[in-house]
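K.L.:
Before I ask anything, here is the structure I am working with.
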Amino acid sequence: MSQARPATLRVAVLGAGSWGTALAAAASRRHPTVLWARDGAQAQAMAARHENTRYLPGVALPPALQVSADLAQALAHLAHDPAHALIILGVPVAGMTPLCTELAARLPALGLQAVPLVWTCKGFEEQTAHLPHETVQAALGAMPGLAAGVLSGPSFAREVAQGLPVALTVASESSAVRDAVTTALHGAAVRIYASTDVVGVEVGGALKNVIAVACGICDGLALGTNARAALITRGLAEMARFGAALGAQQETFAGLTGLGDLVLTATGELSRNRRVGLEIGAGRKLADILASGMTAEGVRCARAARDRARALNIELPITEAVCAVLFEGLSPMTAVSALLAREARPESPTP
């Protein structure tokens, strides 16, 4: 780290879904932490029961964790010592623009515009095909002193909330962001690695969800572990090609936020993206799966990833196949056959 930070930070986690709650729980074990929930009833129930029954039922939250539905109160927690504070955005991609727009109005008024800020969402914004850092830049880029980055890696929220071991990467051009996240979370069961490759970390986090849907489809069709291994490996090549076109560092894709996150999401039993793929492979329609309440970022961002890749003339055959199955009525087996029928070529895991 570039310089020592104090042992104690004030942390505000904005967004009380499963991942926001898990990170707030981890931070609150060592630092004064406030978790902001947009839903007042949810916040009240969490504060009373020390449990997020909606997103992490059965997981006890640390008694020291404060929960509030008042965004002003959550930010005021930081204003007591803005030089030693951290903001973690725990909302999904779809919630980034509204929240960042609100923060653009609130942070300068409280003197918090230079507080290190990280987001944790993975994917592309459906309407714009923006990666999260582009959304943040559009909403907060004019704010003086902005220091921002992304926190990502192979992690299921439930395990993090339970205090089980996890390794994550914080990526930012700002050493203040990297240092603040490390101070807030590194230690005990959480290991933090630092990077400057924001784009590479985000591309890995976005595309691994799409590849995980493909792996779930493969498993749902009972095509075997050989086929799954091929999808993971060639999916990693797609991630690297896409990242290279956007200026990412290739070594990022061999790390936690590339290969690590892809393997976890493509094979883990807690992976929602894999579960959606399993259902598709078993013959269920996407509309029925979504109507049952199952959600997955891979479904939300697949089309945006495909469209942005096409605009950049990047070949993403697995992503194209997933989109054809999800949105164009192509049968899963036909998609597999089309992938297998592609022309033979030399293996090139990197661009």
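For all residues, glycine too, the Cβ spot is worked out from N, Cα and C.
So Swiss-Prot lists the following for this protein:
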{"type": "BINDING", "residues": "S18, W19, R38, K122, A157, R272, E297", "note": "NADPH binding site"}
{"type": "BINDING", "residues": "K122, G153, S155, K208, D261, S271, R272, N273", "note": "sn-glycerol 3-phosphate binding site"}
{"type": "ACT_SITE", "residues": "K208", "note": "active site, proton acceptor"}
K.L.:
What is the biggest Cα to Cα gap, in Å, among K122, G153, S155, K208, D261, S271, R272, N273, the residues listed as binding sn-glycerol 3-phosphate?
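P.N.:
Max Cα-Cα spread across the sn-glycerol 3-phosphate binders: 16 Å.
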K.L.:
Do you know which of the binding-site residues S155, N273 has the most other C-beta atoms within 10 angstroms of its C-beta?
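P.N.:
Answer by Cβ density within 10 Å: N273.
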K.L.:
To the nearest whole angstrom, state the Cα distance for the pair G153 (sn-glycerol 3-phosphate binding site) and R38 (NADPH binding site).
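P.N.:
Taking the Cα atoms only, G153 (sn-glycerol 3-phosphate binding site) lies 25 Å from R38 (NADPH binding site).
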K.L.:
With every protein chain in view, how many other Cβ atoms are within 10 Å of the Cβ of E297 (NADPH binding site)?
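P.N.:
Counting Cβ neighbours of E297 (NADPH binding site) within 10 Å gives 25.
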K.L.:
Write down the Cα-Cα distance for K122 (NADPH binding site) and D261 (sn-glycerol 3-phosphate binding site), rounded and given in Å.
P.N.:
11
K.L.:
Nearest to S155 (sn-glycerol 3-phosphate binding site) by Cα distance: which of the binding-site residues S18, W19, R272 is it?
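P.N.:
Going through S18, W19, R272 one by one, the Cα closest to that of S155 (sn-glycerol 3-phosphate binding site) is W19.
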K.L.:
Closest to S18 (NADPH binding site): which of the binding-site residues K208, S271, N273, going by Cα position?
P.N.:
S271
K.L.:
For R38, K122, K208, R272, listed as binding-site residues, tell me which one has the smallest number of other Cβ atoms within 10 Å.
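P.N.:
Comparing Cβ neighbours within 10 Å for the binding-site residues R38, K122, K208, R272, R38 has the fewest.
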K.L.:
Among the binding-site residues listed here, S18, W19, A157, D261, S271, whose Cβ has the fewest other Cβ atoms inside 10 Å?
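P.N.:
Counting other Cβ atoms within 10 Å of each of the binding-site residues S18, W19, A157, D261, S271, the minimum falls on S18.
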K.L.:
Measure from the Cβ of G153 (sn-glycerol 3-phosphate binding site) and count the other Cβ atoms within 10 Å, all protein chains considered.
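P.N.:
Within a 10 Å radius of the Cβ of G153 (sn-glycerol 3-phosphate binding site) lie 23 other Cβ atoms.
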K.L.:
May I ask for the distance between E297 (NADPH binding site) and K208 (sn-glycerol 3-phosphate binding site), taken between their Cα atoms and rounded to an integer number of Å?
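P.N.:
Each residue's Cα considered, E297 (NADPH binding site) and K208 (sn-glycerol 3-phosphate binding site) end up 10 Å apart.
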